[in-house]
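Taking it in order: structure first as structure tokens, then the write-up.
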Amino acid sequence: MKRALPFILLLAGTAAMYLLMPYNLAFATRILVMGIFVLSIDLVLGFAGIATLGQAAMYGAGAYAAALFAAHAWAEPVAGLAVGAAAGAVVALLSGLVLMRASGLTLIMLTIAVAALLAETANRARDLTGGADGLRVAFGPVLGLWEFDFIGQTGFCYAAAVGACVLGLLALVARSPFGLSLRGLQSSPARMAAIGAPVYPRRVAAYTLGGAIAGIAGALSAQVAGLVSLETFSFTLSAEALVMLILGGTGRLWGALLGTVLFMFAHHYAAAADPFNWLFAIGALVMVVVFVLPGGLLSLPGALKGGRHD
Amino acid sequence: MTLLLNIALDGIAYGMILFLVAVGLSVTMGLMRVVNLAHGGFALMGGALAHWAGADLGLGFWPALACAILGTVALALPLERLVYRRIYGFGELQQVLATIGLTFIVIAAVNRWQGSALLPVPLPETLSRTVDLGFRTLPAHRIAVILCGLGVILGLWLLLDRTRFGIRLRAAVDNRAIASAHGIVTDRIYMATFGLGAALAALGGVLGAELLPVDAYYPLRYMVLFLMVVAVGGMGSVTGSFAAALGLGITETAARYLVPDMATFAFYGIVILVLALRPQGLMGRIA
Amino acid sequence: MTEGLVVRGLSKRFGGLVVSDGLDFDLPPGARKALIGPNGAGKSTFANLVTGIHAPSSGSIRFDGADISDMDETARVRLGIAKTFQITTLFTGLTVRENLRLAVLERERRGFRLFCRADGDPEVEAEIAALMDQLALEPLADRVVERLAYGQQRLVELAMTLALKPRVLILDEPAAGVPGSETHLITDAIEALPADLAVLIIEHDMELVFRVARSIVVLVAGRILTEGTPAQIASDPQVRELYLGGAHG
Ligand SMILES: Nc1ncnc2c1ncn2[C@@H]1O[C@H](COP(=O)(O)OP(=O)(O)OP(=O)(O)O)[C@@H](O)[C@H]1O
Ligand SMILES: [Mg+2]
């Protein structure tokens with residue numbers, strides 16, 4: 001029963017968003033997309049301990065790949081998701097072959113540089129991507145059945161379904177031998193090597209899987225908005241998603257989702273009212289979490305009880 | 001030939017500006033081993049203070065610059081005590097996050113105080129003239145920046161390599177415990193070094209404003225640029241930052257002249273190449 | 001087949017410091033050797049060279065006839081050369097059981113499996129339980145390692161290496177930091193090891209050395225001073241001088 005509780009809450013929350021925000025479904029959908037993206041960072045950083053500020057590289061790659069695929073080949077969205085996932089995985093694999101040898105600050109810098117390089121590529125390939133104007137694409141009905149509608153009902157349900165699949169997949173991975181080995185990598189690479197685990201290939205594999213999921217998030221964002229912009233590669237996106245993850249708590253899937261929901265709502269309402277006070281609040285919050293609550297909000301109940309989370 | 005000279009001159013000027021705005025970061029991040037994403041925040045403090053001193057107090061350029069540097073240091077020292085001292089021992093990621101948080105707060109504060117518009121600092125007569133070099137003209141301001149950059153690197157070299165403070169700083173960084181056992185007050189050294197980094201940030205913010213204009217979002221806009229210069233140069237090496245800033249500046253400028261579309265590629269391409277081949281940076285020591 | 005581990009002319013320099021100086025060393029299957037010597041003699045460095053944590057400056061390491069000098073650590077572990085760390089190196093955020101599970105799964109090359117449960121194999125779980133039983137770790141099974149006492153962590157360190165079922169086992173000061181009342185767990189575990197396993201134990205605790213070792217190598221300043229049976233070493237005047245002369249820390 002206790003294990004099912006988060007699922008029930010999640011389901012109820014998603015349903016509530018759908019019912020309570022009928023005229024704001026675009027925003028609710030963005031939360032779902034962001035949730036998937038933050039989950040991808042959680043896998044890479046929270047589980048495998050790979051510090052990154054450039055996850056947007058794979059998000060953007062997925063978004064552009066899905067849009068271009070729809071514009072030039074096939075406009076069916078689920079196929080587009082697969083293309084987005086493949087694009088994210090390829091970018092992560094190729095860059096990961098270089099990046100996963102680095103660590104610490106160098107690694108963080110390299111992840112930023114890769115995203116910046118891709119952003120510039122998309123910016124220059126204006127004929128293909130529309131450059132700074134972005135790329136507008138009409139997607140066909142999902143599985144040939146459900147048209148994207150003006151209010152965004154299809155978009156929301158579609159994003160929720162994709163999110164559920166990704167969450168289910170990651171829940172499986174988290175409990176698998178692979179997931180356990182990622183936690184091992186994060187905890188002690190030296191011990192991993194000493195038990196005969198191939199550290200570098202394992203890190204590349206984790207980064208690639210994370211890249212595929214970020215690619216799915218990017219593709220989904222393109223499909224529900226019908227638009228891709230250079231923003232999908234931006235440093236701000238990577239940094240904000242990281243902040244969401246830290247707020248909720250790294251290394252736990254629920255932490256990623258909790259952080260995303262809180263951040264997105266706070267951002268939506270507070271930032272609309274006063275962008276600079278919002279920045280102040282989020283800055284203070286991040287510092288509080290880093291100093292006082294390193295396990296994120298998800299560790300708050302445990303910290304209050306003085307006990308340890310399970 | 002003229003093209004080459006142009007590239008060299010503009011490249012050096014740009015590189016010097018990069019160096020001036022990044023060298024403070026090289027000091028805090030390179031020497032003190034703290035990933036300081038809030039560096040741009042201190043440059044912004046400097047820029048905002050200089051703007052305020054010039055526009056609201058009616059001070060001239062030089063007094064405004066002095067006011068900016070002193071004011072930034074005065075703000076930085078308490079921050080070192082309250083925030084930075086607690087994150088020296090953290091992992092890179094925690095440092096990244098804490099200093100991003102601090103950056104947000106600085107941005108919000110400056111905006112509350114001065115608004116979100118550009119915060120220009122008018123140049124004095126002597127610096128706004130152009131100088132005729134025979135084959136082309138160059139703003140006096142650029143020449144001043146180049147000289148200033150040379151002065152800073154020379155000054156830092158003297159300070160770090162030739163004074164007791166420098167020796168103590170390096171001892172404190174290499175091994176805090178041993179340094180304190182030798183009676184070196186590491187806390188104070190860290191504070192002084194941090195103050196130095198902040199002062200250099202303010203100086204760079206004001207002097208570099210011609211190419212990297214200052215407004216409230218300055219720290220976020222140029223954060224990556226500063227970090228790249230320091231990472232490529234190598235942690236713990238001011239000369240490395242100098243070489244990296246000039247190298248990156250000249251590369252990007254050359255690309256702008258020769259293949260304008262490729263300038264940004266060239267910049268990030270070099271960054272990735274250097275860091276992939278030498279993860280510790282050009283002149284960094286292997287950890 | 002008596003080959004096992006064969007080391008010839010192995011040297012290691014850190015900058016200008018020569019830490020291993022032309023070492024020749026054999027560790028055939030079934031061996032029970034001890035490596036002793038004063039602090040800083042280069043014992044841990046030797047172990048790190050053999051397991052591939054450090055690359056040698058010169059010399060060769062062969063295992064069962066094959067040259068493994070250029071193999072990385074992972075490949076050597078997979079061949080069956082494993083060691084415990086002098087400074088405990090564990091997955092501190094995981095429980096004792098998870099630590100061991102990870103070691104067993106990696107030994108079985110299952111680390112890339114995505115779609116089954118890590119704790120879903122009864123055979124693996126039974127093996128973990130047996131290991132914990134052997135080292136009296138059961139009561140701590142579900143405790144997070146970073147919360148254990150240092151001596152308990154040392155036992156987990158040993159268990160991690162045993163979980164790999166190695167063919168060559170190098171123990172770098174396994175008993176350092178373990179309370180005297182629990183050192184018997186370590187000696188018992190070593191005595192219970194399969195007879196054909198080659199064991200090298202680095203240790204300052206002479207009582208333990210004399211109990212488990214059939215042959216002792218003395219390392220001083222990166223060179224092998226002498227090698228012999230425990231009785232020979234105990235009566236060797238050079239060794240007596242070394243240890244009674246106060247060099248032993
Ligand atoms: N990575 C390294 N870089 C430089 N010097 C090192 C390194 N590792 C070890 N040393 C030096 O090599 C020498 C031998 O160290 P080692 O750890 O092998 O000694 P040991 O015999 O295991 O000593 P102890 O009994 O204290 O464990 C020491 O002087 C040490 O400072
Ligand atoms: Mg040792």
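Yeah, the Cβs are placed from backbone N, Cα and C, and that goes for glycine too.
Straight from TrEMBL, the features:
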{"type": "TRANSMEM", "residues": "B:12-32", "note": "transmembrane segment"}
{"type": "TRANSMEM", "residues": "B:37-55", "note": "transmembrane segment"}
{"type": "TRANSMEM", "residues": "B:61-84", "note": "transmembrane segment"}
{"type": "TRANSMEM", "residues": "B:96-114", "note": "transmembrane segment"}
{"type": "TRANSMEM", "residues": "B:140-160", "note": "transmembrane segment"}
{"type": "TRANSMEM", "residues": "B:189-212", "note": "transmembrane segment"}
{"type": "TRANSMEM", "residues": "B:224-250", "note": "transmembrane segment"}
{"type": "TRANSMEM", "residues": "B:257-277", "note": "transmembrane segment"}
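Fewer than three CB pairs closer than 8 A are found between the transmembrane segment (B:189-212) and the transmembrane segment (B:257-277), and contact between the two stretches is not assigned (pairs 6 or more residues apart).
Looking at which of B:96-114, B:140-160, B:257-277 has the most CB pairs under 8 Å to the transmembrane segment (B:12-32), the answer is the stretch B:140-160. The transmembrane segment (B:96-114) and the transmembrane segment (B:37-55) are in contact, since at least 3 Cβ pairs between them lie under 8 Å (pairs 6 or more apart in sequence). By number of Cβ pairs under 8 Å, the transmembrane segment (B:140-160) is matched best by B:224-250 from the list B:37-55, B:61-84, B:224-250, B:257-277. Under 8 Å from some Cβ of the transmembrane segment (B:37-55) lie the Cβ atoms of residues 21-22, 24-25, 28-29, 61, 63-65, 67-69, 71-72, 75-76, 96, 99-100, 102-103, 106-107, 110, 113-114, 119-122, 197-198, 201-206, 208-209, 214, 216, 218-223, 226-227, all in the same chain and six or more residues away from its ends. Below 8 angstroms of C-beta separation, residues 34, 36, 42, 45-47, 49-51, 53-54, 98, 102, 121-124, 127, 190-191, 194-195, 197-199, 201-203, 205-207 of the same chain, each at least six residues beyond the ends of the transmembrane segment (B:61-84), sit close to that stretch.
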